[in-house]
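*Asks:* For reference, the structure I am asking about is given below.
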Amino acid sequence: MFKSMGIVELNSVARGIMTADDMVKEANVELVLARPVCPGRYLIMVAGDTAAVKRSVEKGLRIADEFIADHFVLTHIHPDVFPAISSSVLVPEIRAIGVIETYSSASAVMAADKAVKAANVDLIDIRLATGLAGKAVVTLTGRIGSVQAAVEAGSQCLAESGLLLGNAVLSSPSEEIKKQILM
């Protein structure tokens, strides 16, 4: 599994495509995602060894220049983050539900990593920007105390940056909501 993930989010699709190409040429990283997202942004995710990811993101920042919307490098990323980004998580049981809503895709991934490291929870999904007007949403499940701790940790890491839009904890979600969350 990968040690680190880097994200560069841009306000230009054209510059985003060019940036993604240069990032994968700069270092030995895997291009996890490179696609347009709402509203007219471009999201790039790379993964790999920490030094390579840092080098790739640094190159991306130089190329993206004035079009940078958000960026970061996460080292020692929790292994549950990658499947949640690709919506390939099979959650055995939904108990309490936690939701963290952010103003950027990059910040949602950071919040999800902090949340899943802080408490014994399962990530359900990290929904990135598309269809969300550029925002992103993290959903997770577990016992109520763990969900509360995870949502608090994930939200706290974004509080100073102003990228946290809101959060919610459902202690006893209805069966209808559980079905909708899993769709």
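Cβ from N, Cα, C; glycine included.
As annotated in TrEMBL:
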DOMAIN    4-86  domain 'BMC'
DOMAIN    96-182  domain 'BMC'
*Asks:* Helix, strand, coil residue numbers for the domain 'BMC' (4-86) per DSSP?
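*Replies:* Residue counts in helix, strand and coil order: 37 helix, 31 strand, 15 coil.
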*Asks:* In the predicted model, what is the mean pLDDT computed over the domain 'BMC' (4-86)?
*Replies:* 95
*Asks:* Count the residues of the domain 'BMC' (96-182) that DSSP assigns to helix (H, G, I), to strand (E, B) and to coil, and report the three numbers in that order.
*Replies:* 38 helix, 28 strand, 21 coil
